[in-house]
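Peer 1: This is the structure I have questions about; it appears just below.
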């Protein structure tokens, strides 16, 4: 049985992932164009114009929601790093988000002029509060890892060797500024709170990076390294377990929600009911989190100041300075490709749900089934692909690197918009049936899972040693903030053409253009650049101290 604090932390993953799993992005569109969940009849010319707007409206809402969540994530970063604010922010965002879902239950049975606007606002609030609450939740992770019995034992062994001074900044969970070996210049470049970084790194990322056949695994040589290794492994274990619990909760409840949605014929009310129940679930299972997670007492840093938010935004500029880009070209080339790919992958999920609803006229239960297939396929591929990679690497003269797996995954993902766009010129195929949608959902899931894992793995290989927190902060920021352009562009294309299928041409560009950019990344050279950058930074720090 996990310790009480860990159980409380797991409870939040169990609570929140249900809300994020339900494909609620089509609710605002349904309120624009339907009274009972059915699409507008295409025989009405005025209805066709309105139907085109229905298609694009949810994409605009999704774009605004992603932009808002990026702003919130950056702004609350400094506060989430303070124990006093961390739990308070988590509960505030959690119950604000759950309330945004529950309020869908209060909508009238027939749409009024204000219902689409209110649905869009609730959608934006739900997305933004969910993402920011996850930031606050992940900020607890390092402290929970340090409470582990094995980590405590490793700490005692390290201190017995007289290494406590060198480990003090690593082990102590305090909100005061460290005065140890971490440079203030390096700290100034963090985009997200330090306690969030291990959570970003831990979900199979470091394991994948170290499992690369071309990467060297360095075993701990003393008690200090043993402690740091044990802390990292414990963080990874807790994070992976939390992710698994969240996935189990999301898929299970999503499957259960098929019952009322199917029983009610996939009407707008059934979808509002599903979202409302997701909000109730989120609020209910946040109660153990509220009771069990530790809360900080008022003290140093507990006073809120607008300068804290300003400081968080100043950090962004320092991360993309020309000097940084020049010294680490391969890392920033990869980030450039990642921005396009992340936007393309996430927009594909939004566009596919809208396409299934508006073009294929798939009912709400069938759309939920599509979401379940994507998640199940993603988990299966995330487990199987690393095993296949290792087996191929051991049986082949040339190792299958993380970079090769990632590149293959991106090429495979481009098949989806290619196949959909084929429907513009071919009289058959091209995603014209529900069966094709199910097949593409499985295909996308098989590609999407490894894409996320191996993107982080390749990026981990390009990061300067000892500066993981700084550069994973940038990676996390681009992951959360890059996906607002795609939905807006697809929505605009749908408005201008009256056919959302043309939006997949844009998605094709978003997925194909980064391929040659990604092909320019030289991982081996990038590793050397990262080591040289770290050594140069260490030397500059030493000179400043002298």
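Including glycine, each Cβ sits where the backbone N, Cα and C put it.
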Peer 1: Given the ranges 160-185, 186-211, 212-237, which one is assigned the annotation region 'Disordered' in Swiss-Prot?
Peer 2: 160-185
Peer 1: Look up transmembrane segment in Swiss-Prot and report which of 102-122, 312-332 it refers to.
Peer 2: 102-122
Peer 1: Using Cβ distances below 8 Å and needing 3 or more such pairs, separated by at least 6 in sequence, tell me whether the transmembrane segment (435-455) contacts the transmembrane segment (503-523).
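Peer 2: Per Cβ check, the transmembrane segment (435-455) does not touch the transmembrane segment (503-523).
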Peer 1: Could you check whether the transmembrane segment (102-122) packs against the transmembrane segment (273-293) - three or more CB pairs closer than 8 Å, residues at least 6 apart in sequence?
Peer 2: yes
Peer 1: Taking 64-84, 244-264, 405-425, 503-523 as candidates, which has the most Cβ pairs under 8 Å with the transmembrane segment (333-353)?
Peer 2: 503-523
Peer 1: Of the listed stretches (64-84, 365-385, 503-523), which one yields the highest count of Cβ-Cβ distances below 8 Å with the transmembrane segment (405-425)?
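Peer 2: Per the Cβ count, the answer is 503-523.
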